[in-house]
Amino acid sequence: MNPNQKIITIGSVSIVLTTVGLLLQITSLCSIWFSHYNQVTQTNGQPCSNDTINYYNETFVNVTNVQNNYTTITEPSIPQAIHYSSGRDLCPVKGWAPLSKDNGIRIGSRGEVFVIREPFISCSINECRTFFLTQGALLNDKHSNGTVKDRSPFRTLMSCPIGVAPSPSNSRFESVAWSATACSDGPGWLTLGITGPDTTAVAVLKYNGVITDTLKSWKGNIMRTQESECVCQDEFCYTLVTDGPSDAQAFYKILKIKKGKIVGAKDVDATGFHFEECSCYPSGENVECVCRDNWRGSNRPWIRFNSDLDYQIGYVCSGVFGDNPRPVDGTGSCNSPVNNGKGRYGVKGFSFRYGDGVWIGRTKSLESRSGFEMVWDANGWVSTDKDSNGVQDIIDNDNWSGYSGSFSIRGETTGRNCTVPCFWVEMIRGQPKEKTIWTSGSSIAFCGVNSDTTSWSWPDGALLPFDIDK
């Protein structure tokens, strides 16, 4: 065979081998495709799985991962909204541990901090927020002049995360209001802000920031509400509203609200009682509130109601009196106000009932809004004596306090089958007790624990006057 024939022969063999190899590749690919197709059609309707299938032929070994995820259209699942439920009692408490302190007045001497009053705290499942009524002004600014006034068109309800000084950069607008309450039902936030003239004030209800309902003053005499959190359970929220004199018989309504809409209301028949600025908390299937008697009582009135708005009323029996001004501790009353010449006026406050016992929060001073302490009276809900079983100091009597109120952290947040009781204390600075042109406050908050705690003084601590006051 001559060289040319050898070349032709080698070329022909190469072409044949190449052709055979190509055909084998095509055959292998077809085999893979048909095998995959058959497996998909045979397993249609079975759960998805990941299988490893090995294919062999004379030319190569191919290991292919085949995922049996044949086309299925599934609607995206929407997680169920969690609502606060009823049925939990208050968690056992031996004392009170600090939760937060905002130091707003100290920081405000050189920072952009709102002039505020009536701060309160409320918690959703995911966060706790400080709500407060601004005066449309900042500390150490000319617009802070005259902010001792309670009701003005510049007052708004705003909120910020707990433990921070309330400023324009961290605060959220909630409502135009000079009296307010707010609470979460779990999925959303309810706010109720009251504004307008004294004789025709209107309450504007919002759910997640959208106006959902209104309520007009029904007695034409400074309709007002809690200045602390409302209470939500089983998709409904509850609050109390007062209309009428601050120093005589007034009129009261319990409101039942769902997603910002008033779905029930009941007038409270409370002749001889005076309910203002109630501090409320969930208790089993009920809501319990301890309020301010600005008319005659140095002891605090209470109201308990259920989801049907059936209610009971009374006064905290204990001779450890909770209001300010007040007489020295003595003999209390379960059904009527204790006056002793000190019952008129008052300050917002709170108590927590534990069976026959009661934790009472109160100022240390009998006459002025200064100092603060928590007193445990083991029989104070049913007995009128003045015996107490322990005191925890919160603010010493040389430093200003102010309003105080309750809030709670629910089992949906903590995972516990009980409700954690908590409280906040406002520390008012400026007018009328100090030589400034303004009135504002900071706040501190504590929660109940069933472990060790301590007494101390956690005052506001700001050095006054500010530059604007000089």
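First residue shown is number 1, and so on along the chain.
Positions of Cβ are set from backbone N, Cα and C atoms, glycine also.
When the candidates Cys183, Cys232 are compared with Swiss-Prot, only one is recorded as disulfide-bonded to Cys230, and it is Cys183.
Ca(2+) binding, as stated in Swiss-Prot, involves Asp293, Gly297; the candidate among Asp247, Asp267, Asp323, Asp329 given for that site is Asp323. According to Swiss-Prot, the cysteine that forms a disulfide bond with Cys447, out of Cys418, Cys422, is Cys422. Record source Swiss-Prot places Cys123 in a disulfide bond whose other cysteine, from Cys91, Cys128, is Cys128. Recorded disulfide link (Swiss-Prot): Cys232 to Cys237, out of the candidates Cys237, Cys278. Taking the C-alpha atom of Cys232 (disulfide bond) as reference, the shortest distance to any of the recorded positions Arg117, Arg151, Glu276, Arg369, Tyr403 belongs to Glu276. A Cβ within 8 Å of the Cβ centre of Asp293, Gly297, Asp323, the residues given for Ca(2+), is found for these other residues of the same chain: His274, Arg292, Asn294, Trp295, Arg296, Ser298, Asn299, Arg300, Pro301, Tyr315, Gly322, Pro337, Val338, Gly343, Gly346.
The CA atom of Asp323 (Ca(2+) binding site) is located 7 Å away from the CA atom of Arg292 (substrate binding site). Distance between Cα atoms for Asp293 (Ca(2+) binding site) and Glu276 (substrate binding site): 6 Å, as a whole number. Within the set of disulfide-bonded residues (Cys232, Cys317), the lowest number of other Cβ atoms found within 10 Å of a Cβ is recorded at Cys317.
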